[in-house]
Amino acid sequence: MGGNSTELQKILPALEKVVPVLAPGRHKGQAGKIAVIGGCREYTGAPYFAAISALKMGADLAHVFCTSGAATVIKSYSPELIVHPVLHESYDVGEIGEEEISGLKDKVLAEVGKWLQRFDCIVIGPGLGRDPILLDCVAAIIEEAKFKNIPLVLDGDGLFLVTNQPELIIGYPLAILTPNVMEHKRLVAKIVGERDQNVPQNPEVSNEDLPGQLQDLAKRMEGVTILQKGKTDYISDGKTVLSSDYYGSPRRCGGQGDVLSGSTAVFVSWAKEYFSNENAAGKKEVEERVSNNPTMVGALAGSLLCRKSAANAFAQHKRATTTTNIIEYLGHRLFTFMLRFY
C-alpha cells in the first residue's frame, strides 16, 4: 500500500479526512501542539529539524526541551520555536551521587511535567545524545507522558533508550518507533533474541519476509507501532502491516529522519483527534482503507508526505539537496498531494 497511483488514489482520500480544516473560528493550538525532547551540546540540528517540520506541516505550536548547552543555538535557528533549557547532562553537573541524580531527575520532571498535558504528541530522541543522566531524566518523562496518555514518537537516541529499556514502551499503544535498518536489527535482537529461548540470540532479519517479521516484533511489543524506514517503509502495530514505497530521493543527507518524526507527530495528533470525534465524517472509509489506529494512520501519512517532499526537493536541488530543502516543501506538498486543506 502507498506506492502506485491506484493505491494512492485509494489511500489519500481517506488520509485527507484526518487533516483539520482551516477555518476562521479555530483558535491557536487546535491544529496541534508538538513537543520535541532532545538537543545537547553536540547535536542541535536534529531537534530543530523535527520541531520546525511540525510547524511547516501545520501544527500551531512547537516546543523543544533540551540542555542549556543547546538552547541558545536552537533559539537562534528560529524565533518560532519555544525552547526550554531544562535537561541536564553529566558535563553540566559533574560527578554526583545517586541521591543527587534522583533529585536532579525530579527537578527535570517537574519542569517538563507542568507542560506535558498541553501537548498533542511528543517526539523523543532527536539530538538527545547518550549521556546516562540525560537518559535517566528522559525515561522519567516517558513514564509521565504514558500516564497522561500522550502519543509518543521515538527516534534517534530515543530508540537507543527504549531498545536498552524496552519495558519503558512495551504495551503502550500510543507509541511509534521509527527505526532505520540497523536500529531495527538491534530492536529484534533485544525483543526477540533475548526474550525468546526458541530463537537465536541474534536472529537474522530477512528482507524477503520483513513485513512478517515486523508484525511479529510489533506484536511482541504489545501494540506499539513500528515504522521501519528503508527503500520501502513498513508500518505495523502487530495486527496489520502497511507499506509506503512512493519514491522519494536518492540523497541520504542527515536529518531526514527528524523531518519524518516531526511530520508523523503532527499526523498522529490529527488522527487521534479525528477518531475521538464521534461525528467525524468518513470514519468508516479511513478505517477500511487505512486503519482505525491513529498511530498507523499518522505513520503512513508522515511517510508518504516526507517521501513526496524529498522527491520535490531532489528534483530542484539534485546532489545539493539538504534536509532544509525538504522541509521547504512540506506545507506545499501537504496542500497539493492531498485534496482538502481549507
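Note: Cβ is positioned from N, Cα and C throughout, glycine not excepted.
Taken from Swiss-Prot, the feature (6S)-NADPHX binding site applies to G127, N180, V181, M182, E183, H184, K185, R186, D258, supported by sequence analysis. According to its DSSP assignment, D258 ((6S)-NADPHX binding site) is helical. There are 29 other Cβ atoms within 10 Å of the Cβ belonging to D258 ((6S)-NADPHX binding site).
In three-state terms derived from DSSP, S249 (ATP binding site) belongs to neither a helical nor a strand segment and is classed as coil. Using a 10 Å Cβ-Cβ cutoff, S249 (ATP binding site) registers 22 neighbours. Annotated ATP binding site per Swiss-Prot: 229-233, 248-257, in sequence order.
The domain 'YjeF C-terminal' feature in Swiss-Prot is assigned to 11-337; the stated evidence is sequence analysis. The average pLDDT computed for the domain 'YjeF C-terminal' (11-337) is 92.
Highest Cβ count within 10 Å among the binding-site residues K185, K229, K231, R251: K229.
Cβ neighbour density within 10 Å is lowest for G255 among the binding-site residues G127, G255, G257. Cβ environment of C253 (ATP binding site): T321, T322, T323 lie under 8 Å away, each six or more residues apart in the same chain. Annotated pair E183 ((6S)-NADPHX binding site) and K229 (ATP binding site), C-alpha to C-alpha distance, rounded: 10 Å.
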